[in-house]
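J.: According to TrEMBL, the protein has these features:
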- 62-96: coiled coil (COILED)
- 22-31: compositional bias 'Polar residues' (COMPBIAS)
- 32-44: compositional bias 'Basic and acidic residues' (COMPBIAS)
- 1-44: region 'Disordered' (REGION)
- 152-194: repeat 'WD' (REPEAT)
- 195-226: repeat 'WD' (REPEAT)
- 278-319: repeat 'WD' (REPEAT)
- 320-361: repeat 'WD' (REPEAT)
- 364-404: repeat 'WD' (REPEAT)
């Protein structure tokens, strides 16, 4: 009697299963009418606000959906049985797969192959696009040379603000959260004088345009005017530091270095009494500046107002109100009686005091977050920076829209603009400092690694136009100020 082979028996068994399934499908179709009639009878007995015709249509639609799902389910079962049959036949023939059946192995191989192809394609595309971006950046920054010249260390807390004197001798001033302001020798990095008159954080420092006087604003709700007399020490030879092209060098470590307790200068003379104390604010005085001529000063406070004072009498001349939230900065025009104030209400305001009888104000809503600073340039421009990670350049003659917009990857703090070179220095929350021209073209990024640069948020920048070894200063919450030598070729500035 002949015996069937394993493969023919498996095929006959699969054929019988398919036949039985087709009969079950027919039986299912033959009973659909009885089922739908039963369901309609049930619907008539149920309470519902829907009309009977609409309920009947819904029932027909759901019945069709149910039939489709039944068919899919039966086909799925049939395919699974066919796969099992094929696996049994392969096993009988001695072809086994370790850890997976044929279908799974084939699908896995195909998926891994397609995934690897897609991954390789994405890598190639990403590499090509980023190479273009990096090369475009290098084309504009390869000729800009930045050199870290001097570090000014001595404060016991973060430094909020810094400024350079406009008269001889040229010194650097810093304002710190340690309740003090310091004057430094730019060339030697030595502390020349320490002001100790405030009872709170010193948030701002500005120097008189013609006299040896400083204006500081503090968290103790006051602004102080104090005189200083300093003598510059003999310059020491500067260590040879190789010049570093201002390209996007990669940080060697993103980890913050441990704070180092630095003892303050013991031999630094101090001043503890202010010549003039300005008291009118009901909140933190966050910034202050001298009006042109130095006979009046303006202060900005968290009480949402800016005040204009007379220096000689210490009297309040005008209270500039209108901002909806705390002020963050104020700045005066170098040659005209103009003041710009910045606020957390996402606006900055331009106050005009050129006509004594009229004090006009213009409100500018160019940002979507806190305006951290707005400064005048020598020309008819205002540059504003914001926590919305943008810096905008405005024309005073037409302030309806910015003439240039700079987009960055981090919030921007107190910016400054070089008078001679017309370069904007942007200090960031992410410890970086970037340089742009007035048209919004990026010129450089100051070097920052685990060996040099700021280790915390960079709070402020200030340019020095005198012939000193440093022409840009930055300060941050890492308790230090840094002096930089920035060399931007004339050809690059013209662009």
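Each Cβ is built from the backbone N, Cα and C atoms, and glycine gets one as well.
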J.: Please report, as numbers and ranges, the same-chain residues at least 6 past the borders of the repeat 'WD' (320-361) whose CB is under 8 Å from any CB of it.
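T.: Sequence-remote neighbours of the repeat 'WD' (320-361) are 283, 286-292, 298-308, 367-376, 378, 382, 384, 386, 388, 396, 399, 414, 419.
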J.: Is it the case that the repeat 'WD' (278-319) and the repeat 'WD' (195-226) touch, counting contact as three or more CB pairs under 8 Å in which the residues of each pair are 6 or more positions apart?
T.: yes
J.: In this predicted model, what is the average pLDDT of the repeat 'WD' (152-194)?
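T.: Summarising the repeat 'WD' (152-194) by its mean pLDDT gives 95.
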J.: For the repeat 'WD' (152-194), what are the DSSP-based totals of helix, strand and coil residues?
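T.: The repeat 'WD' (152-194) comes out at 0 helix, 23 strand, 20 coil.
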